[in-house]
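Input: a single structure, listed below in structure tokens.
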Amino acid sequence: MTEGPTTEASSRPAATRPVLGQNQYGKAECHVVRVTRDGATHHIKDLVVSVALSGDMEDVHLSGSNANVLTTDATKNTVFAFAKERGIASAEEFGIHLARHFVTSQRAIHRARIRIEEHAWDRIDAPGGDARHSFVRAGRETRTAQITYDGTAWEVISGLKDLVVLNSTGSEFRGFVKDHYTTLEETDDRVLATEVNSRWRYGWTDDARPAPDWDGSWAAVRGHLLHAFADTYSYSLQQTLHAMGGRVVEHRPEIEEIRLSLPNKHHFLVDLAPFGLKNDHEVYYAADRPYGLIEATVLRPGAEPGIPVDLTCL
Ligand SMILES: O=c1[nH]c(=O)c2[nH]c(=O)[nH]c2[nH]1
């Protein structure tokens, strides 16, 4: 331990002192917008970047010595400086640059985890306007990435959240358990709607191998998720989930596993009989809460699970 202020805790015999467990630190939610000027045509990348570093951090917690601490302020500055110096080709590549920098430039830092949320912007294509530098925030889902590096191996988990989809037919739900409290009626035609929240882990771990085409892979996964949702005749949201994840691992060899968290956005048929009207699967009440929550990981055969089960912590 390097010299530092002696605290009440560190003056006690080691066996009686509280033990420091897992710890990490860094700047959370650095919101960086990078404009790339290609003549009069501009491009923008809008990322919220969170840095979490860990390593030889006993002293700062136990003795009060900050000698090993790269400030969270410096980690924030690095995000903005790298945006200028290196540009942002993709969230994954930007995260890889940052993680490599923190681990290789600081002796005390042994692991860096970079989490990124990316917001999409579309060009405003107004008649007579100049679409080259005008953008509208896309109302689409958020793209996510988590990059972790320990100086040897990489872990890249990409994802998306809040991608809302709906099938207005092609979904049934029957044959379930009927216990004392079951009131749900069986249906052979229902609306199936969900908000796709998903993370997928790449098999790429080693600098010696070429990295995947991050943007191309992300777009392809999104397409497979949508197509599987649309193409699957659904007997349950669980079965649809498996079809969605399965299609991704079957079509994308660079992906080892995918986890999906799918809220069942219930649509209930409204009883119009009191008004003398027949409701032939036309008018639904879209319930807000509570909602069923269906979650599972789908793995390539032989793959080890690595995505945390609790997606909310990503
Ligand atoms: O697709 C579904 N899966 C369930 O487990 C479930 N439970 C429920 O009430 N509705 C549904 N729908």
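Each residue, glycine too, has its Cβ placed from N, Cα and C.
Since this is a predicted model, take the numbers as computed values, not measurements.
Over in TrEMBL, the protein carries these features:
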type	residues	note
ACT_SITE	Lys27	active site, charge relay system
ACT_SITE	Thr72	active site, charge relay system
ACT_SITE	His266	active site, charge relay system
BINDING	Thr72, Asn264	O2 binding site
BINDING	Thr72, Asp73, Phe173, Arg190, Gln238, Asn264	5-hydroxyisourate binding site
BINDING	Thr72, Asp73, Phe173, Arg190, Gln238, Asn264	urate binding site
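Distribution of TrEMBL features across the structure.
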residue : record                           : DSSP class
Lys27   : active site, charge relay system : coil
Thr72   : active site, charge relay system : helix
Phe173  : 5-hydroxyisourate binding site   : strand
Arg190  : 5-hydroxyisourate binding site   : coil
Gln238  : 5-hydroxyisourate binding site   : helix
Asn264  : O2 binding site                  : strand
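A Cβ distance below 6 Å to any atom of ligand 1 is met by none of the active-site residues Lys27, Thr72, His266.
It is 42 Å from the Cα atom of Thr72 (active site, charge relay system) to that of Gln238 (5-hydroxyisourate binding site). When every Cα pair among Thr72, Asp73, Phe173, Arg190, Gln238, Asn264 is compared, the largest distance found for this urate site is 53 Å. If you count neighbouring Cβ atoms within 10 Å for each of the recorded positions Arg190, His266, the highest count belongs to Arg190.
Taking Cα separation as the measure, Asp73 (5-hydroxyisourate binding site) is nearest to Lys27 of the recorded positions Lys27, Asn264, His266.
The Cβ of Gln238 (5-hydroxyisourate binding site) has Ile294, Ala296 as same-chain neighbours under 8 Å, each 6 or more residues away in sequence. Within 10 Å of its Cβ, the residue among the recorded positions Lys27, Asp73, Phe173, Asn264 with the fewest other Cβ atoms is Asp73.
Cα-Cα distance from Asn264 (O2 binding site) to Arg190 (5-hydroxyisourate binding site): 12 Å (rounded to the nearest whole number). Its own atom aside, the Cβ of Thr72 (active site, charge relay system) has 15 Cβ atoms within 10 angstroms in the protein chains shown.
Note: the CA-CA distance between His266 (active site, charge relay system) and Arg190 (5-hydroxyisourate binding site) rounds to 9 Å. Rounded to a whole number, the distance between the Cα atoms of Lys27 (active site, charge relay system) and Phe173 (5-hydroxyisourate binding site) is 46 Å. For the pair Lys27 (active site, charge relay system) and Arg190 (5-hydroxyisourate binding site), the Cα-Cα distance reads 45 Å.
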